[in-house]
C-alpha cells in the first residue's frame, strides 16, 4: 500500500497512449513518420559519412557537426521505431525495462546535444574572434576531449533520476502513459507516491543543462556580433555571419521547444500542445538539421557532390567490369 492509500505494484509493462486524437489515421501516420525517419537517417548518415571521407571537412566545426548528426540518429531511433510498431499494433504496450531504457537514453542524448550545441557556439566564437590562435586552441586532441565531455556530460547526470523513476511504486499494471514515448512528466503521474521532490530535481537538472548551455551560446554569439560589426567591409561581415546562420537556426528550434517542455516546475500545459512540441523536437529538428547545414554550406554541398560522383563512378565501373567478364565467359 502506497502512502496515499493506493495499491502499488511492480509493473511489467505500460501502455503508450500514442496520438489518440489521430487513431483513425494510423496507416497514414505510419507512412508519414516512416518517411520522416528514413529521411532523417539518410540525411544524418550522409553528413557523418561526408565529414569522415572528405579531407576538406576535417576541421573542428565539421567534427562537431558529425557528432551532432550521430546524436540525432540515436535520439530519433530511441523513440520512432517503437512508435511505428504501435501504429500497426492493436496493443500499444511497452515493457517496464524498455520504458525506463527509453526514458534514460532520450534524456541522456538530449542533454548531450545541448552541451554540444553550446560547444559549437564557442567554436564559432573562437574561429571568428581569435583566428590566429584558433588552430592551437581547437586542435584535434582538444576537439576529441570536448566532444567526449559532451557525451559523458549527458550520460552521467541522467543516471540518478532514471534510477529514482525505476524504483517508484506504480499504481497498477498496464497503466497508460499519456504520451507516445516514456517521457518524465507522464511517467511520474502514474506513481503511487508523492513525486514532488523528483519533479523538482528533474526541473533543476533540466534548467542547469538547458540554461547554462543557452547562456554559453548567447554569450558566444553576442561576442561574435560585436566582432563582426567591427569588420569594415560588408562582404567580410556577410561571410562571417554566414558561417553562423545554420547553427543559429538549429539552436533556436531546439532550445525553444525544450524550454517549453522541461523548464517548468509543474510540467504544465495541455497534452496536445506538449505532444506537438515534442514532435518538433524529436522529428522535425533532426530532419531539418542535415538540410540546414548542407544547403547553406558550400563546402558541404561540394563534398556531397564529390562523394556522389565517386559512388556513381564506382557503381558504373563495377557494372562495366561485370559485363566484360560475362562476355568473356560466353566467348
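Cβ atoms are placed via backbone N, Cα and C, with glycine included.
Feature annotations, reproduced from Swiss-Prot:
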- 99-182: disulfide bond (DISULFID)
- 6: N-linked glycosylation site (CARBOHYD)
- 1-29: topological domain 'Extracellular' (TOPO_DOM)
- 51-59: topological domain 'Cytoplasmic' (TOPO_DOM)
- 81-99: topological domain 'Extracellular' (TOPO_DOM)
- 121-147: topological domain 'Cytoplasmic' (TOPO_DOM)
- 169-207: topological domain 'Extracellular' (TOPO_DOM)
- 229-242: topological domain 'Cytoplasmic' (TOPO_DOM)
- 264-274: topological domain 'Extracellular' (TOPO_DOM)
- 296-331: topological domain 'Cytoplasmic' (TOPO_DOM)
- 30-50: transmembrane segment (TRANSMEM)
- 60-80: transmembrane segment (TRANSMEM)
- 100-120: transmembrane segment (TRANSMEM)
- 148-168: transmembrane segment (TRANSMEM)
- 208-228: transmembrane segment (TRANSMEM)
- 243-263: transmembrane segment (TRANSMEM)
- 275-295: transmembrane segment (TRANSMEM)
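As a quick check, the transmembrane segment (60-80) and the transmembrane segment (208-228) miss the bar of 3 or more Cβ pairs under 8 A, pairs 6 or more apart, so the two do not touch. Averaged across the topological domain 'Extracellular' (264-274), pLDDT in this predicted model comes to 56. With pairs at least 6 apart in sequence, the transmembrane segment (30-50) and the transmembrane segment (100-120) have fewer than 3 Cβ pairs within the 8 Å limit; the two do not touch.
For the transmembrane segment (30-50), the partner stretch with the most Cβ pairs below 8 Å, chosen from 208-228, 243-263, 275-295, is 275-295. Within its own chain, the topological domain 'Cytoplasmic' (121-147) is flanked in space by residues 60-61, 63-64, 67, 216-217, 220-221, 223-224, 227-228, 240, 243-244, 247, 251, which lie at least six positions past its ends and keep a Cβ under 8 Å from the stretch.
If one looks beyond the topological domain 'Cytoplasmic' (51-59) by at least 6 residues along the same chain, the residues whose Cβ comes under 8 Å of a Cβ in the stretch are 65-66, 69, 299-300, 302-303, 306-307. Secondary structure by DSSP for the topological domain 'Cytoplasmic' (51-59): 6 helix, 0 strand, 3 coil. Reduced to three states, the DSSP call for residue 182 (disulfide bond) is coil.
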